Amino acid sequence: MDYVQTRNAEKVEKLCSQGLDANFHDAQGETPLTLAAGVPSNRAVLVALVGGGAHIDFRNSEGQTAMHKAAFLSSCENVKALLELGASPNYRDPIGLTPLYYNMLTTDSNDQVAEMLLREAADIGITDMHGNHEIHQRKRTSLLPRDQYSEHKASGYDVARFKGPKMKQEVTK
């Protein structure tokens, strides 16, 4: 796991070719792929692990995929790599949350990550145990300016009607 955290793709590839099971859980419950997804700019290691047999949507002991980790950390490069490798933007964790929802949970959230997930048909309108959707989380993390949030709410804004790569909205009347 040290090679995964230090971005040493050559060593990871070599270990996988020598028979390392790329689908194990470490003492903290992480898989090599979920750990790699949590290290910024770790594309080469992600590719090496998947090439070495890691299941792209294999979950850690908390039920999160590598995509959940990369989306939460707003790692554009890792999210892009995982999508290119075939990861789903729609797998849900044990409480029903998707990578897009995870992306909205942090103040470090990056619009590009959300856009990539939405382009890949990420499910939207996911509700957490408190009845909150992604847009609620985005407002809470101050990523959506308060005046825009109020406009959306007052206009009957429908989160399910995002359009195009710039997430243009269509207001329902």
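From the backbone N, Cα and C atoms, a Cβ is placed for every residue, glycine too.
Counting residues of the repeat 'ANK' (28-61) by DSSP class, helix then strand then coil, yields 15 helix, 0 strand, 19 coil. Positions annotated as repeat 'ANK' by TrEMBL: 28-61 (among others).
Listed as Cβ neighbours of the repeat 'ANK' (62-94) (distance under 8 Å, sequence separation of 6 or more from its ends, same chain) are residues 29, 31, 33-34, 36-43, 46-47, 50, 56, 100, 102-103, 105-106, 108-110, 112-113, 116-117, 120-123, 126. Positions annotated as repeat 'ANK' by TrEMBL: 62-94 (among others).
If you look up TrEMBL, you'll see 95-129 (among others) marked as repeat 'ANK'.
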